[in-house]
Amino acid sequence: MTTPGEDHAGSFYLPRLEYSTLPMAVDRGVGWKTLRDAGPVVFMNGWYYLTRREDVLAALRNPKVFSSRKALQPPGNPLPVVPLAFDPPEHTRYRRILQPYFSPAALSKALPSLRRHTVAMIDAIAGRGECEAMADLANLFPFQLFLVLYGLPLEDRDRLIGWKDAVIAMSDRPHPTEADVAAARELLEYLTAMVAERRRNPGPDVLSQVQIGEDPLSEIEVLGLSHLLILAGLDTVTAAVGFSLLELARRPQLRAMLRDNPKQIRVFIEEIVRLEPSAPVAPRVTTEPVTVGGMTLPAGSPVRLCMAAVNRDGSDAMSTDELVMDGKVHRHWGFGGGPHRCLGSHLARLELTLLVGEWLNQIPDFELAPDYAPEIRFPSKSFALKNLPLRWS
């Protein structure tokens with residue numbers, strides 16, 4: 001089969017790269033520049049990567065041609081990936097049902113509870129004088145706050161994280177182990193039981209409310225939603241916690257500025273998400289022939305939209321490789337764009353604002369461990385630091 005763009009002499013040149021060789025692990029700025037410099041469309045590992053701002057944004061806003069369902073709903077999998085793997089109008093219905101629970105107004109009611117958990121988690125670390133911030137905080141923090149909002153027992157946090165880690169590791173292995181399969185089965189059994197229990201005995205939590213509203217989700221839809229949120233819905237905050245603490249450890253003047261002017265924490269958080277989004281690309285599949293970057297992709301072409309490359313493309317003063325702290329919140333695509341823009345973006349901002357503010361309150365001065373060199377796990381579907389050793393007196 002001929003790859004589009006390479007069918008005959010003199011045709012459009014399609015650059016080919018190997019994803020795992022991109023220099024992403026140490027410096028995403030260099031990694032995304034390598035991809036942008038290769039061309040507007042780059043073929044890697046069976047996917048067409050779109051690297052130009054105008055092409056990426058046009059695709060994000062056009063689900064009719066760039067389908068999420070075809071890219072994200074595994075063939076033959078009876079569990080619907082709600083709401084991610086749906087296109088309008090089905091996706092529109094899911095957003096309408098779910099959006100009220102993740103709106104600023106709804107989250108403001110949960111703020112006192114979320115703040116208490118944030119204070120307690122950092123208080124448990126502050127007296128140690130050191131921590132490995134990814135394992136001790138970043139991986140735990142969004143899960144704990146999610147359980148509070150969603151309505152799952154807090155005592156199940158660690159085993160849910162264990163199941164999640166095993167299932168994600170399984171997806172990266174050519175041959176799953178028996179332990180991987182067992183973890184996937186146990187997670188599904190757990191969620192099935194919790195969904196059924198909340199349907200029988202609903203409470204004020206999100207898991208209950210989406211099953212009893214004016215347009216309730218079916219049991220299989222709620223199960224698919226819960227499965228997605230556990231496996232992939234919390235990565236943005238985990239990654240951003242790590243990158244936030246990394247930058248603060250490096251920059252004592254920035255720490256002092258944010259302590260003196262907490263309103264600027266919001267600007268800082270937006271910059272972290274712009275520079276280091278955990279989900280740097282959005283997968284899509286074309287539903288009809290479409291011309292992008294000078295070449296025509298046929299229907300059924302697997303595409304990845306490089307939002308992280310756009311965020312750093314230098315097209316304006318705010319789209320650089322540097323942390324821009326000018327007092328303003330600037331537009332970026334770290335939370336995606338178009339109808340599939342991150343449903344939990346308001347929650348992520350709230351959680352990160354709470355965490356950075358409370359960390360600086362309890363641990364105002366800290367530093368990186370000697371000889372530490374930050375790297376992300378790469379290649380990986382989600383970008384986050386491998387580890388982050390911090391210390392303070």
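Cβ atoms here come from the backbone N, Cα and C positions, even for glycine.
Residues annotated as heme b binding site in Swiss-Prot: H91, R95, R284, H340, C342. Listed in sequence order, T236, F335, G336, A348 are the same-chain residues at least 6 apart in sequence whose CB falls under 8 Å from the CB of C342 (heme b binding site).
Among the features that Swiss-Prot reports, N-acetylthreonine is placed at T2.
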Chain-internal residues, separated by at least six, CB under 8 A from H340 (heme b binding site): L60, P63, S68, L84, H91, A282
Extent of the heme b binding site in Å [max Cα distance among H91, R95, R284, H340, C342]: 19
Chain-internal residues, separated by at least six, CB under 8 A from R95 (heme b binding site): P83, P339, L343
Where C342 (heme b binding site) sits in the secondary structure, as DSSP reduces it to three classes: coil
Fewest-neighbour residue among binding-site residues, criterion Cβ within 10 Å, set H91, R284: H91
